[in-house]
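This report concerns only the one structure given below.
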Amino acid sequence: MELKNDTQISKFILLGISEDPLWQPFLFGLFLFMYLVTLLGNLLIIIATITDSHLHTPMYFFLSNLSFADICFTSASIPKMLVNIQTKNKVITYEGCISQVFFFILFGVLDNFLLAVMAYDRYVAICHPLHYMVIMNCRLCGFLVLGSWVTTALNSLLQSSMALRLSFCTDLKIPHFVCELNQLVLLACNDTFPNDMVMYFAAILLGGGPLAGILYSYSKIVSSIRAISSSQGKYKAFSTCASHLSVVSLFYSTLLGVYLSSSFTQNSHSTARASVMYSVVTPMLNPFIYSLRNKDLMGALRRLLRRKS
């Protein structure tokens with residue numbers, strides 16, 4: 001007897017990172033702490049770049065957009081997770097699940113695009129320093145950010161709309177702390193080939209494209225740095241992109257970790273645990289990576305905190 005597809009489902013169950021009740025208080029405290037640190041760190045960067053005239057440059061304009069995207073990325077999943085743990089109710093409505101799919105894809109891919117834009121900014125700064133302000137003018141900066149938003153929004157709208165065509169049977173349990181599109185596709189009873197193809201091509205175009213741009217930019221940056229004769233000049237040139245390179249390495253290494261964990265393990269919660277690295281830990285660490293060795297940003301933050309006090 002075949003299972004009948006239930007297209008009128010009203011809810012899913014998010015199993016989270018662990019179903020062990022003994023772990024729930026620890027997980028609540030840990031993720032609440034990481035979420036608050038993420039909000040505070042990224043908000044400080046946004047406020048500092050807006051209020052301090054020394055930071056009104058293309059690099060910090062892109063950084064403030066990345067900080068905003070990171071806040072939204074974590075806010076798409078962590079608040080609901082905290083509510084579920086606190087209330088001991090793992091249910092999420094169908095509408096809420098589709099909304100999570102939309103925003104999780106939107107801000108996750110937007111991070112990817114903004115990192116590529118920032119790599120291009122560093123390429124122009126190091127390889128064409130005399131023409132930097134001419135090339136990276138306000139119009140181009142606005143176009144790059146707006147283009148990133150529009151492209152990722154259209155992709156997210158397409159993929160979440162495709163999720164609406166999925167039909168589900170009896171198992172509505174998602175072994176994750178967020179409604180991830182891939183998990184919904186795995187639960188679906190009907191033909192998922194169109195969804196698989198859209199996800200596949202989106203991963204190649206919107207994931208591989210920005211990564212290729214980052215790699216190309218840094219290949220040119222490395223060539224330019226090697227051509228500098230003095231060691232002090234090489235160090236100064238490299239230091240301008242060290243923070244961005246660290247963030248890029250962290251972001252893509254954690255994404256690779258998620259892919260490998262989902263491919264080589266049978267643990268249903270392993271993907272969720274690995275996803276914490278790129279969806280929670282990376283947005284939390286980004287403000288520290290960008291500010292610790294950045295004298296301009298640290299100075300702006302000190303001036304901001306002095307004004308507040």
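First residue shown is number 1, and so on along the chain.
Just so you know, glycine gets a Cβ as well, placed from its N, Cα and C.
Different topological domain names are assigned in Swiss-Prot to Phe12 and Asp121, which places them on opposite sides of the membrane.
Of the cysteines Cys72, Cys97, only one is given by Swiss-Prot as the disulfide partner of Cys179: Cys97. Range annotated as transmembrane segment by Swiss-Prot, chosen from 119-139, 245-265: 245-265.
Taking every recorded stretch in 58-78, 98-118, 140-160 and counting its Cβ pairs under 8 Å to the transmembrane segment (197-217), the highest total belongs to 98-118.
Sequence-distant contacts of Cys179 (disulfide bond), defined by Cβ-Cβ distance under 8 angstroms and a gap of at least six in the same chain, are Phe12, Leu14, Ile92, Gly96, Cys97, Ile98, Gln100, Val101, Phe104. Over the topological domain 'Extracellular' (161-196) the predicted model carries a mean pLDDT of 91.
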